[in-house]
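K.L.:
My questions will all concern the structure given below.
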Amino acid sequence: MLVGVPKEIKKQEARVGLTPAAAREYVERGHSVLVETNAGIGIGADDEAYITAGAQIAATAAEVFEKAEMIVKVKEPQPSEWVQLREGQLLFTYLHLAPDPAQTKGLLESGVTSIAYETVTEGVGLPLLAPMSEVAGRLSIEAAALASRNFNGGNGLLMGGVPGVAPARVLVLGGGVVGTHAARMAVGLGADVTILDRSLPRLRQLDELFTGRARNLFSTSEALEMELAQADVVIGSVLIPGANAPKLVTKDMLGLMKPRSVVVDVAIDQGGCFETSHATTHEDPTYEVDGVIHYCVANMPGCVPTTSSHALNNATLPYGLALADGGLSAIMENAGLRAGLSTHRGKLTSAPVAEALGLACSTPAEVIAA
Ligand SMILES: NC(=O)C1=CN([C@@H]2O[C@H](COP(=O)(O)OP(=O)(O)OC[C@H]3O[C@@H](n4cnc5c(N)ncnc54)[C@H](O)[C@@H]3O)[C@@H](O)[C@H]2O)C=CC1
Ligand SMILES: CC(=O)C(=O)O
Ligand SMILES: [Mg+2]
């Protein structure tokens, strides 16, 4: 199969869909890889590195979209990319369609067969979301620390305090992959950390993992309100796979929070778990609502593209190779990939996206057998 890698064009997104090492694996499997010139420049991989790996270089994104049978990307396709996708082509990337009706329409109109990294499953886990959640969780505490600086409008607290002065209180909403990595960073800095989750099995795992170094609480409205009132930093990291994030914190509840406290809504790519969240960029990451600083960057790992691209490729490689080897048959044979199938020949196959956007939904078996 001819596998194409366009350069990412989302603002301040320097990750790349295939690293040279991953491109080499495709070539060694008998596939051809066509990489847009400078696609890997953000991770220090020049065209020469891809040529050494056995790939070919295309002068333009248009050439990649036109020739490739499968497109491997990182971020959801942008409007200028939707129109270059076509029926019979596979698209393997993050999509986040539930909060994005325009992109959903674009993909459906293109006829492309799209597989969303973030809904590919392995057992109960999300193996292609996890590496970027690890990165974003760790970054979230760095982002919160920076936003807490006095000159950035924050409350001027040092995350870990110092002897004789209390540390900042960090509240983590959702103790999954993002939440756990955020908590680890915050604990490491000496912050006072509480994690809220609705899954008892997860709370038990967190209890064992943190052995008293972070509190955890079952997430009720009462617990949330009590904790919000005491927090200096709140990390939003809940997820219902494929669906819009539940709006756990309403605009009214923001009034409970301390002035100049900081919210990092990592779940913003699924619409965010604060009613007051809207997506921001690395260039202008924060804004204020009712005295609370909001950081809502939807592609957080894009600011550490080297670590992120390698971590992402480690996870995507076996699935990408299976798709390149088997095409549509791989989707039908691999339950994990099937869970990622989002659109095929103008039909939507993700139930949470269909529900969020009020659209009709088909099953993978209905559309692929057809
Ligand atoms: N902004 C960015 O750049 C990035 C955003 N993300 C996003 O971060 C979010 C979290 O991802 P993961 O940690 O991988 O998900 P996950 O599935 O590992 O964890 C989500 C956790 O939320 C909990 N949860 C669900 N509903 C809840 C509720 N009502 N109250 C309390 N807890 C609840 C679940 O039990 C689970 O433990 C996703 O939306 C993901 O797309 C991930 C990477 C980068
Ligand atoms: C998960 C995701 O959307 C990202 O890494 O940008
Ligand atoms: Mg995102």
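Here the Cβ of each residue, glycine as well, is placed from N, Cα and C on the backbone.
What TrEMBL shows for this protein is this:
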- 4-136: domain 'Alanine dehydrogenase/pyridine nucleotide transhydrogenase N-terminal' (DOMAIN)
- Arg15, Lys75: substrate binding site (BINDING)
- His96: active site, proton donor/acceptor (ACT_SITE)
- Ser133, Asp197, Arg202, Ser219, Val238, Leu239, Val266, Ala267, Ile268, Asp269, Val297, Ala298, Asn299, Met300: NAD(+) binding site (BINDING)
- Asp269: active site, proton donor/acceptor (ACT_SITE)
K.L.:
Using a 10 Å radius around its CB, how many other CB atoms surround His96 (active site, proton donor/acceptor)?
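P.N.:
By my count, 22.
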K.L.:
Taking just the CA atoms, what is the gap between Ile268 (NAD(+) binding site) and Arg15 (substrate binding site) in Å?
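P.N.:
Cα of Ile268 (NAD(+) binding site) to Cα of Arg15 (substrate binding site) measures 19 Å after rounding.
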K.L.:
If you average per-residue pLDDT over the domain 'Alanine dehydrogenase/pyridine nucleotide transhydrogenase N-terminal' (4-136), what number do you get?
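P.N.:
So the average pLDDT across the domain 'Alanine dehydrogenase/pyridine nucleotide transhydrogenase N-terminal' (4-136) works out to 97.
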K.L.:
What is the one among the binding-site residues Val238, Val266, Ile268, Val297 whose Cβ has the most other Cβ atoms less than or equal to 10 Å away?
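P.N.:
Answer returned by the neighbour count: Val266.
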K.L.:
Filter the candidate list Arg15, His96, Ser133, Val266, Asn299 of recorded positions, keeping only entries whose CB is under 6 Å from an atom of ligand 1.
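P.N.:
What lies within reach of ligand 1, judged by Cβ under 6 Å, is Ser133, Val266, Asn299.
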K.L.:
Consider the recorded positions Arg15, Lys75, His96 and say which one has the Cα lying nearest the Cα of Val266 (NAD(+) binding site).
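P.N.:
Minimum Cα distance from Val266 (NAD(+) binding site) across Arg15, Lys75, His96 lands on His96.
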K.L.:
Could you tell me how many residues in the domain 'Alanine dehydrogenase/pyridine nucleotide transhydrogenase N-terminal' (4-136) are helical, how many are strand and how many are coil under DSSP?
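P.N.:
Breakdown, helix to coil: 49 helix, 23 strand, 61 coil.
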K.L.:
Compare the C-alpha of Arg15 (substrate binding site) with the C-alpha of each of the recorded positions Arg202, Asp269, Asn299, and give the closest one.
P.N.:
Asn299
K.L.:
Given the recorded positions Ser133, Val238, Asp269, Asn299, return the subset with CB under 6 A from an atom of ligand 2, ordered by sequence, or none if empty.
P.N.:
Asp269, Asn299
K.L.:
What recorded positions among Arg202, Val238, Ile268, Asp269, Asn299 have a C-beta sitting less than 6 Å from any atom of ligand 3?
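P.N.:
Correct list: Asp269, Asn299.
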K.L.:
Between the Cα atoms of Val297 (NAD(+) binding site) and Asp269 (active site, proton donor/acceptor), what distance do you get, rounded to the nearest Å?
P.N.:
8
K.L.:
Counting other Cβ atoms within 10 Å of each residue's Cβ, which of the binding-site residues Ser133, Asn299 comes out lowest?
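P.N.:
So among Ser133, Asn299, the binding-site residues given, the one with the fewest Cβ atoms within 10 Å is Ser133.
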K.L.:
Here are some binding-site residues: Arg15, Lys75, Arg202. Which one has the most Cβ atoms within 10 Å of its Cβ?
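P.N.:
Compared across Arg15, Lys75, Arg202, the most Cβ atoms within 10 Å surround Arg15.
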